[in-house]
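> Have a look at this one before I ask anything.
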Amino acid sequence: MNTELLLQLTVNGLIVGLLYGVIAMCFVLIYKSTQVVNFAQGEFLLIGAWVCWGTLVWLDLPFYIGFLLTLGFMTLFGILIQAVFLRPMIGEPIISVIMITIGLSMFFQSLMKWIFGVSAESYPQVFETSVVNIAGLNIELAYILSLIFSVVMMAGFYWFFKHSRMGLAMRATAFDQQVASSLGISVSKVFAASWAISAMVSATAGIVIGMVNGVSSALSFIGIKVFPAVILGGLDSIVGGVVGGVIIGLLENLAEFIDSQYLHIGNLYTIAPFYILLIILTIKPYGLFGTRDIERI
Amino acid sequence: MITLSMRPCGDFRTSYKADNQIFETKTIRWLTMASIGLLCFAPMVLDAYFLTLFIQISYLGIAALGLNILVGFTGQISLGHGAFFGFGAFASAWLNNSFGIPVWLAIPLAGWLTMVVGMLFGSPAARIKGLYLAIATLAAQFIIEDFFARAEWFSGGAYGAAAEPFTLFGFAFDSDESFFYVALFALVFMTLWATNLMRSRDGRAFVAVRDHYLSAEIMGISLNWYRLLSFGVSSFFAGIGGALYGHYLGFVSAEGFTLMMSVQFLAMIIIGGLGSVKGAILGTIFIVLLPEVLESTVALMAETGLVSHGSLTEGMAYLKEMAIGLVIILFLIFEPQGLAHRWKQIKAYWKFYPFAY
């Protein structure tokens, strides 16, 4: 048994898993407050990463300005998507809502391919990339940055939902829209805000991943990989999203380890989360932390 | 949300028999038969391009019909239909190549094999529904796609599988002109099958499960069985469509059956109209013709110099995908009941002119 490889993969899994956790959090945020399953979450990452890349490479701006511009753009973008496409879908059957986000995902994915091309592009050197040696393991600095990013984002979310006015309004809306609205919370504002925040944070995650691996249309696949994570954690639990993300990240790398050491099937890395997904759905459909739907006639 | 059939005001049915007719009026029956008869002469008149389009419409249309039984009639969601379509294509080629089963028998057998696989992956549907089911079928899509790439004994792995042409009584239907008849027969047969299914006890049970599953269960309809059955039937249709596709092209490769294809099938039934047999066919025609129309429009624009030649034609592949995405969105917002509904409104308009209704 190759202990060193196992350790390396575990660390990788933890870092990737935390990133999945951040994206899962964004996904859950939208689902919880607006009851929309966002199949276009991966495109938020993709668009954010490409727009930031565009400001850095095409416009030649320094990183922090480009980054802020991207955040501003994504906020507007999220609000716009919600107001134009999702608002007419309130009260429509679930298949319509799913299909409209799939339509959006298809549209933006090919738009990005058209504008920026299909080949992967690497980010200009923003931070010094070097390899740090921690306890005998070689870890890229970028990975540590992404780890810090994930933790900061999670802490930010925690603070936001526990202590900020908008966060409390969001939780109230998620709990009961009519009661929230009668207490003076503007539900449409909450909807817009949750899309904006989700788009913004996803875009940041996209930029972080882009810095490590380069930007390409493969980024949008992460939006699909988040599904096992959110289902494992429970669709409407933010904590669940984080836990699910970490577990899926770890399991994915464990599958890679087993595959490379013993089975030699190849490709188990990408497919293992979906097997896990099917198993969870048959055993425990509402996940670890999700609330069980109780239907009343 | 979706009514089984919308009739204009004043059009009453007085008996169950009248309500259960395949064709609503005599005129429609004769017109349908006449147009099928006319289509039989199409290979002599039309050139290969249109025949190819028709064949494409028929094998995709059969699969879309199946998906409409699942989504439109039973109210389940499947994001894995493209994978089932592919499974049918591989299964038919595999049965033919490995066991020497003649193609005309391999196609329905492939349909049944796909049905078994569909029911296997549809089995979580007994416990979950709506969104969770959508995600479960998404997983099925990726798992089956991975299986295609891996199982060399079944699909030929990365090389793909060769499929023999359709042969009957020693005559090989290997040209566009001859395969046209196979496609036409299959389309008419499967459309009839779907229509008849919806007139039967099982079909009405599907609709009951969709409209109010608790009431359906109280009335003695076994929810688990009918949800599973509808998965099976839909996969059967997908398998037949896929098998036809394989034997038409003569070669099946593992790359084509992606999530994108599943989304296209969903787009077909949404654009055509959920819960309508006619709608599935209309939607398929729309989705097949959309890229063609787009391409010729861009070619025309490039010729007249409206757009510079390079930019649009280079991005054609992306433009097509974007158009499909956009069309899904626009239909969902502006015409959620699809083309079938629009068609009925046009008919009602002519029927009742000059009165509104």
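The first residue you see is number 1, and the count goes up from there.
Every residue gets a Cβ built from N, Cα and C, even glycine.
The annotation transmembrane segment is assigned in TrEMBL to B:27-46, B:52-71, B:78-95, B:101-123, B:130-149, B:178-195, B:228-250, B:256-274, B:281-302, B:322-340.
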> Do at least three C-beta pairs under 8 angstroms join the transmembrane segment (B:130-149) to the transmembrane segment (B:78-95), pairs 6 or more apart in sequence?
yes
> Return the stretch with the most CB pairs under 8 A relative to the transmembrane segment (B:52-71), choosing among B:78-95, B:101-123, B:178-195, B:256-274.
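Selected stretch: B:178-195, with the most Cβ pairs under 8 Å.
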> Examine the transmembrane segment (B:178-195) against the transmembrane segment (B:101-123) and state whether at least 3 Cβ pairs sit under 8 A, considering only residue pairs 6 or more apart.
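Stretch pair does not touch.
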> Out of B:78-95, B:228-250, B:256-274, B:322-340, which stretch touches the transmembrane segment (B:281-302) the most, going by CB pairs under 8 Å?
B:256-274
> Does the chain bring the transmembrane segment (B:78-95) near the transmembrane segment (B:228-250), so that three or more CB pairs sit under 8 Å (pairs 6 or more apart in sequence)?
yes
> If I count Cβ-Cβ pairs under 8 A between the transmembrane segment (B:228-250) and each of B:101-123, B:256-274, B:322-340, which range comes out on top?
B:101-123
> Using Cβ atoms and a strict cutoff of less than 8 Å, what residues sit near the transmembrane segment (B:322-340) while being 6 or more residues removed from its termini?
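For the transmembrane segment (B:322-340), the nonlocal Cβ contacts are 2, 263-264, 266-267, 269-274, 276, 278-279, 282-283, 286-287, 290-291, 294.
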> Do any residues of this chain, six or more beyond the ends of the transmembrane segment (B:101-123), have a C-beta under 8 angstroms from a C-beta of it, and if so which?
76, 78, 80, 84, 87-89, 91-92, 95, 136-137, 140, 143-144, 164-168, 227-228, 230-240, 242-244, 247
